[in-house]
Amino acid sequence: MDRLRDGPLALLLFLGHVITALEVPLDPKLLEELPQPPTITHQSPKDFIIDPRENIVIHCEAKGKPHPSFSWTRNGTHLDIDKDPKVLMKPRSGTLVLDISGGQRAEEYEGVYQCSAHNELGTAVSNSIILRQSRSPLWSKERISPIIAQKGQSLILRCRPPAGLPPPIIFWMDNNIQRLPQSRRVSQALNGDLFFSNILPEDSRSDYICYARFPHTQTIQQKQPISVRVLDTVMSLMFPFSPTPAISWVKHNSEIPSGRASFLNFSKTLRITDVSEADAGEYRCIANNHHGSVHHTIRVTVNAAPYWISAPRNLVLAPGEMGIITCRAAGRPKPSIRWLMNGLPIENAPRDPSRSVEGDTLIFSEVQTGSSAVYQCNASNEYGYLLSNAFVNVLAEPPRVLTLPNTVYQVIMNKPALLECVTFGSPAPTITWFKDSMLEGNAYVFHENGTLEIHMSHPSNSGKYTCVARNSLSLSENHVYLQVKEPTRILRPPEYRVVQRSRDVVFECKAKHDPSLVPTMTWLKDDGELPDDERFRVDSDSLTITDVTESDAGTYTCIMNTTLDQDSASAQLTVVEALPTPAVIYEQPGAPTDLELTDLVARSVQLTWTPGEEHNSRIKKFLIQYEDALHQSGVWHNLTEVPGTKTTAHLKLSPYVHYSFRVLALNNVGFSRPSMPSRQYRTSPAAPDENPTEVKGHGTEHNNLVITWKPLTPQQANGPGLEYKVMWRQQGIETYWTSVSVANVSKFVVSGTPTFVPYEVMVQALNDYGPGPKPGAVIGYSGEDFPSAAPGDVRVLVLNSTLAEVRWSPVPLESVRGRLQGYKVQLSSHHIFSPNKTSGKLPDLLPYSIYSLRVTAFNGRGEGPTSATQRFETPEGVPSAPSFFKVSTFDLDSLMLEWGPPYERNGRLTGYTFKYQTVNSKNDLGLLEELDLPSNQSSFTLHNLPHSTRYKFYISARTQRGAGPMLTEEAVTVLDRGTERPCEVATYKGGDEDWHKEKVNGSQFHVLKGLKKGLAYKVRVVARESTHVSCSSSSSSSAMVSPQVDIATQGWFIGLMSAIALLILILLIICFIKRNKGGKYPVKEKEDAHGDPEIQPMKEDDITFGEYSDEDHKPLKGSRTPSGGTDKRDGSDDSLVDCGDSGDTEFSEDGSFIGQYSGKSDRDTTHDSSELLSPVNAMNSFV
């Protein structure tokens, strides 16, 4: 028997290599290209219980190339999907959708379903899917009698739930939907019954209800309530289950498996997981209490549905090769193996001489093209079955290398390296590795999957490797690269530090790593992450802790990581109490020392240094400078800056430079002295890395092209012999470049070019070591020439008196001879229009004028010939305002108006429009009167005007087009003062100025213009009749800026006036009381002696003047009310004082002053209180 077992086993081991060699890699691109029999990828479960309320979906998905088609059987018979409109199959899928939403019953579709997926290479089948409807039947109605039990008696409440599909979940609850508590004494059995080991009086209740929950339909049904009454009799009865026994389990002749066994339901249930045949046997349940013990024996027999030991796997063979498919399953009883091919029993399949069946093994030998098929292995016993598909795919494929080409592998020196060469081919290809020559020997390991292993990598192993895959059909190769990197090493680890509390501490951790790898520094405290505290600052090669506390003490570890390796080092921090310190002296830091250059490569170097003393001021940064002894000896240039916590810097260098470096430290006081220079490091010359920038091409003459560029600096030259290769060619015409090499210049002139044509221009840098990178071409144009043609068909359209539109035809493109920049219209001023315009507006023309116009085209060189001259005339427009407008008093009831013609007539004047209207004391305007005056008239007199009336006048000039803007003036007719002539002359002076004289023309106010702000002025007003002076008034005041705030509208002024009025009212009442008593008082005497002119009867001729008040002379809104107070002057600058009033006056807001014609003369003025008799005068003194 042993021999029989060993034989097939040896055969399997022999053939296993063949199977492994032809496994198809899971490469999506490869799988898409290879023909492949169908493979089931997704299917519904074997026992498929459905919800009758939802549509039924039976899954069946498969892949293959070509894509497979699908068919179904139901209960072993072909299912014709087209006959049932309620059955649908998803496109490019085998999934069935059974629509039962229209009222169909789900049980109509119950049965055994099986899916087949087939293409030209074979047929794969799914499991047999048993479709059943879930069921949740109602509880059978029954009458349950109340249960009466004795205390201490055991009791079982039967549940007996209805059989559902799947079986329901059982639990006990009361009427309040609360679960009944369970314990060692009261528990639920596996069948759902409620078991009482010994019943107690408190178990009496009428609502023991068994519930059944059906999972698929999510419905819950309940049994009729069970009523239990426990009798507590006086007679003492003995029951074996009182008190509640303790439960234990044992296994006969063996131990219960501790790792897989668990005790549930208060040890009343033993559960064993992952059951094997060793778990069979006798299990004993023992119940103990003080009355004794009882046991129950359970005999366990282990049976099992089939399970896989080795499921069949797909097999890919080349023509003429051999292979096997095994199907090994176990179970109890042992399952039987049955083979199928493309869904049919293999004994009914077409005979294939290359195939033989030996129990659970299919053997293929010398297979031929066309032997591809899908085989099914069915392993079954009385408890179930297993079904698995495995295809045999006979392919003839040349080798393919699936590893990505030019893959770069990086490894640390002295570490093993693995270079992959994943291949596929049929027959299986053999792999050979090359590096300059074929690799062999003990230094290399060649794995069966094609991987090359190098035990210990050295820099000499770096380079290009080639793997070659060969089979009988062809060969394929792939190139990969190996880079051996230097290991990461910490050169200066952190050191043990003792620091005072509240001070700062710095741990340095300087490491060396391969320059091509990106390092990452990580710090740990006590093997954990650093505290989340802003006092901890991590830099690239240091850790700084500021304001140290006792909690910061511990072990600090720095870890330098790269993508390939890491190194670490640790140091201890001890924190001690701070000691009193002397006064701190701050100085510049000491000069850095010990400059060292490491990692010297062509374009970079690593510079390290030791900081000098900080001198009580922390170093903020280091400045690194360099000297180029080759190009600028003795001149130091700033190269870079690094934070003050770093003492190393990776410096990028340029070729062909003789570098020396030095370092300066900076703190809050200033920079330190420079360090001593480092040793000189000379970088090798190289070809330029870059080309000149700002390359441009343009012309300065009509037949040249000037090519300019920004030259390279000596550092950019990268080597000696710097030159520039200038290349050009006419775009779209010439295919070859014309070039010339020049040196020490930044421009080159190409002569003899056509006028304004595009050129492609390139400038390339080169030196003795080769050219720079290939430059990009820029477009430039040769020089422009003046346009040769003028715009034609010039027309002018006059739109109105100030606007015209000019139109023209564009010049021919070939006549531009450059880049057309626009058109210029030459008029009184130039108007420029964009090149895409053929018309334009000419604004701001003068009406009633004649213009001459010409149009030219212009480019970058200049203007071309002009067009023919076009003349046009603008029509009349409205004139401007009259040049001046003046109103003067002609007589008591007349006003004279004078004006000048407008400066801009804009046509022939047809006359003037004159309007006027009155303005009353409230600044309301009266009825507007209008007069038309001829154009040759420049003055006009209005007669028979009311006295003391303010007028507003308007005048505008007219042409046939209409009236222009108006000028306005205001004037007032004078008072009728009998025989007294109005004042005619005003003289004034400010400071040390001479007296100025202006004619007043008899009005009551006059505006003095041109005064200086803030300067005090003296003013005299003199009235004359012929050559005799009739009156004079003098005043002194300061010039004010108009407008000013009217005092009469101020709150404080109104309050003051109200207080004065109240005081006057009180005085009047006192006077009235004394008058009634007949007493004499000074006011009365004064009144008798000097009658108040304000209350004296007036002559009949003076009625108008007598009725005049301040209201009659209120100016327009914004003017100030003049003051009515008078003061006696000590002297007069004029000899005519006796015939006129003298007093001070104030300027109004418009700068005018008002004469006090109604005031008292000096002879009538007194300084006693007699003025208080007249409240009118009292008020006038404040107005």
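Using N, Cα and C of the backbone, Cβ positions are placed for all residues, glycine too.
Where the annotation comes from TrEMBL, it is an automatic prediction and has not been curated.
Given the structure is predicted, the values throughout are model-derived calculations rather than measurements.
These come from TrEMBL:
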- 1-21: signal peptide (SIGNAL)
- 38-126: domain 'Ig-like' (DOMAIN)
- 181-301: domain 'Ig-like' (DOMAIN)
- 306-393: domain 'Ig-like' (DOMAIN)
- 399-483: domain 'Ig-like' (DOMAIN)
- 487-574: domain 'Ig-like' (DOMAIN)
- 591-686: domain 'Fibronectin type-III' (DOMAIN)
- 675-698: region 'Disordered' (REGION)
- 688-785: domain 'Fibronectin type-III' (DOMAIN)
- 790-877: domain 'Fibronectin type-III' (DOMAIN)
- 878-977: domain 'Fibronectin type-III' (DOMAIN)
- 1052-1073: transmembrane segment (TRANSMEM)
- 1082-1183: region 'Disordered' (REGION)
- 1082-1102: compositional bias 'Basic and acidic residues' (COMPBIAS)
- 1133-1149: compositional bias 'Acidic residues' (COMPBIAS)
- 1160-1170: compositional bias 'Basic and acidic residues' (COMPBIAS)
Within the domain 'Ig-like' (487-574), residues counted as helix, strand or coil by DSSP: 3 helix, 48 strand, 37 coil
Overall pLDDT of the domain 'Ig-like' (181-301), taken as the mean: 84
Within the domain 'Ig-like' (306-393), residues counted as helix, strand or coil by DSSP: 3 helix, 52 strand, 33 coil
Ranked first among 306-393, 591-686, 688-785, 878-977 for CB pairs under 8 angstroms with the domain 'Ig-like' (399-483): 306-393
Sequence-remote partners of the region 'Disordered' (675-698) [C-beta within less than 8 Å, at least six residues beyond its ends]: 591-593, 595-597, 600, 602-603, 605, 607, 609, 627, 629-630, 653-664, 705-712, 716-720, 722, 724, 728, 746, 759, 761-773, 775, 778-781, 783
DSSP-assigned states of the domain 'Ig-like' (399-483) in counts, ordered helix, strand, coil: 3 helix, 47 strand, 35 coil
Counts of helix, strand and coil residues, the domain 'Ig-like' (181-301), according to DSSP: 6 helix, 59 strand, 56 coil
